[in-house]
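According to Swiss-Prot, the active site, proton donor annotation covers TYR51, on the basis of similarity to another entry. Swiss-Prot lists HIS107 with the feature substrate binding site. The NADP(+) binding site annotation in Swiss-Prot covers 187-241.
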Amino acid sequence: MTMQPLIKLYDGRLMPQLGLGVWQASIQETELAVSKALEVGYRSIDTAAIYKNEEGVGKALKAAAVARDELFITTKLWNDDQHNPQQALETSLQKLQLDYVDLYLIHWPDPKQDHYVSAWRELVTLKEQGLIRSIGVCNFHIPHLQRLIDETGIAPTVNQIELHPLLQQRQLHAWNATHHIATESWSPLAQGGKGVFDQEIIRKLAQQYNKTPAQIVIRWHLDSGLIVIPKSVTPARIRENFEVFDFKLQKEELLAITKLDCGKRLGPDPEVFGSDR
């Protein structure tokens, strides 16, 4: 199996730097995608309660001949469940057919609802109970993160954010690093590469390294120290996205991709997304 890099989280646990995302995939698509990914060599799978496909992940894991301690499974607490994380986690574990998850993330801060600090305290307790190995967040901006640290004394191990060449969030990435929080990129290919894969620097590097534009962008994430979870349900694409460990981008090449940043957000703004209650 291809040796892949691991990121050491500040709690001491190791997380594969490259994983499979399963957003917008049906249960059946997810089961097939995860099975293929495990066959290819992936060991990290990222799902969420709101994706409504945790059962598909669970079925694939159950059928796979991969030891549990080799896997790294992430799921997420949805906004409506921030008032009852334990029940939400138990439901997720049942669907995943697991005794614990490796990483449990608060999916959005949902600042209007303002339950994320109390939810975080509950995640700390669930971790102590052994139902979660590591705890983290998604889509948290610096004030949200600072408030968690100020009010609970415990920082997330991971902050999963929208991050791709068009939205690099360098200030947030740097702040995370300063506070020993790993940064994980969702939508790492900018939702199928629109506006990215046709950039001259991406096409030039793809030709130079005999790789696809997607592989160049994934390698950019890896060489930037980011955890990356490209989504695919296509077997050939799942394999292609994993075949990125036989080359590295040079410093000046990384810098050239950095210049593509234009602050283009494709997903919701975390400051306003969530409940209106």
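Cβ from N, Cα, C; glycine included.
Predicted, not measured: the structure shown is a model, and the values here were computed from it.
A 10 Å cutoff on Cβ-Cβ distances gives TYR51 (active site, proton donor) a total of 22 other Cβ atoms nearby, all chains included. If you draw a 10 Å sphere around the CB of ILE229 (NADP(+) binding site), it holds 26 other CB atoms from the protein chains shown. The Cβ neighbour count for ALA236 (NADP(+) binding site), using a 10 Å radius over every protein chain in view, is 9. Least crowded of the binding-site residues (HIS107, LYS194), judged by neighbouring Cβ atoms within 10 Å of its own Cβ: LYS194. Taking the binding-site residues GLN208, GLN215 in turn, the residue surrounded by the fewest other Cβ atoms inside 10 Å of its Cβ turns out to be GLN208. The highest number of surrounding Cβ atoms within 10 Å, among the binding-site residues ILE201, LEU222, is found at LEU222. Among the recorded positions listed (TYR51, LYS194, LEU222, ALA236), TYR51 has its Cα nearest to the Cα of HIS107 (substrate binding site). Cβ contacts within 10 Å of SER187 (NADP(+) binding site), excluding its own Cβ and spanning all protein chains shown: 21.
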